[in-house]
Amino acid sequence: MDAGVGLRAKPGAWAGLGNPRRSSTARVPVRFAVEKFAQPLVLGSDRRSCGAKLKVSCSRKPAGIDKTYYSADEALVLKQKAEDVVPYLNDRCIYLVGMMGSGKTTVGKILAEVLGYSFFDSDKLVEKAVGISSVAEIFQLHSEAFFRDNESEVLRDLSSMHRLVVATGGGAVIRPINWSYMKKGSTIWLDVPLDALARRIAAVGTASRPLLHQESGDPYAKAYAKLTALFEQRMDSYANADARVSLEHIAVKQGHSNVTTLTPSAIAIEALLKMESFLTEKAMIRN
């Protein structure tokens, strides 16, 4: 990335971050789905293979990241912090965990961009693997358990690869087997206040959120209630991550009154800082 390009940040951009049919017994190989879906994000002039098992292409196609997420200063800091972190990563994958709507996909794409990694969204890979166009439809046609089984298959196959940033589904942390896969790389928890998540989800709708779409009533109230219940179930699991990125902490550091004015690049910078701290401490212990 050219850190010298004048790029303007979008206040509050984090709040808009994004996030086909088969039988329950016949399984489409996950490796095939990943290979077909691969859209690598690669920067730099001397990148090594992304790994062989899933055959992810490392072609230098444009990353397609909306550069308006960066200011020139943020772009420079991202570049510098990525250079600091890369030697400690040793090509290991990075897995982003956190509640639905926490910005894992957009922050993950930024991290992949500056690290020269490829990016994957595990939910999208499950959709490709089972041939169903959305997680909500998978839940409707099959079950949550069916989705979780395929999610574990995706994470298992990704764990054999290198140089990937993976945005996981909000519930991926509940299965211990998934942690055994993710711990082959490094894990980052994006910790977003539930109130901010509920407001964001209520604004965009719950149709794509199968765990939130059943109840009727005020969108914010039902989103907040369900998110609170889910977080209580998952909190200890999220805490297993190697690094925690607290958006409240970033907001305080930057003098924001709330997290909705943070840019995705500011969150990505904090993720790199936390990852560098964890990896350097780990290296010191080993030595």
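Backbone N, Cα and C define each Cβ position, glycine as well.
Given the structure is predicted, the values throughout are model-derived calculations rather than measurements.
Under the heading transit peptide, Swiss-Prot lists 1-57, citing sequence analysis as support.
Taken from Swiss-Prot, the feature ATP binding site applies to Gly98, Met99, Met100, Gly101, Ser102, Gly103, Lys104, Thr105, Arg209, supported by similarity to another entry. DSSP assigns Thr105 (Mg(2+) binding site) to a helix in the three-state reduction.
Annotation source Swiss-Prot lists Mg(2+) binding site at Thr105, citing similarity to another entry. Within 10 Å of the C-beta of Thr105 (Mg(2+) binding site) we count 19 further C-beta atoms, all protein chains included.
Summarising the annotation, Swiss-Prot assigns substrate binding site to Asp123, Arg148, Gly170 and lists similarity to another entry as the type of evidence. Sequence-distant contacts (6 or more apart, same chain, Cβ under 8 Å) of Gly170 (substrate binding site) comprise Gly98, Met99, Met100, Ser102, Leu230, Arg234.
Distance from the CA of Thr105 (Mg(2+) binding site) to the CA of Asp123 (substrate binding site) is 10 Å. Over all protein chains present, the Cβ of Ser102 (ATP binding site) has 26 other Cβ atoms lying within 10 Å. Here substrate is bound by Asp123, Arg148, Gly170 per the record. The longest Cα to Cα distance in that group is 11 Å. Taking the centroid of the Cβ atoms of Asp123, Arg148, Gly170 as the substrate site, the other same-chain residues with Cβ within 8 Å of it are Ser122, Val126, Val135, Phe147, Glu151, Thr168, Gly169, Gly171, Ala172. Listed in sequence order, the residues of the same chain lying 6 or more apart from Arg148 (substrate binding site) and placing their CB within less than 8 Å of its CB are Gly171, Ile174, Arg175.
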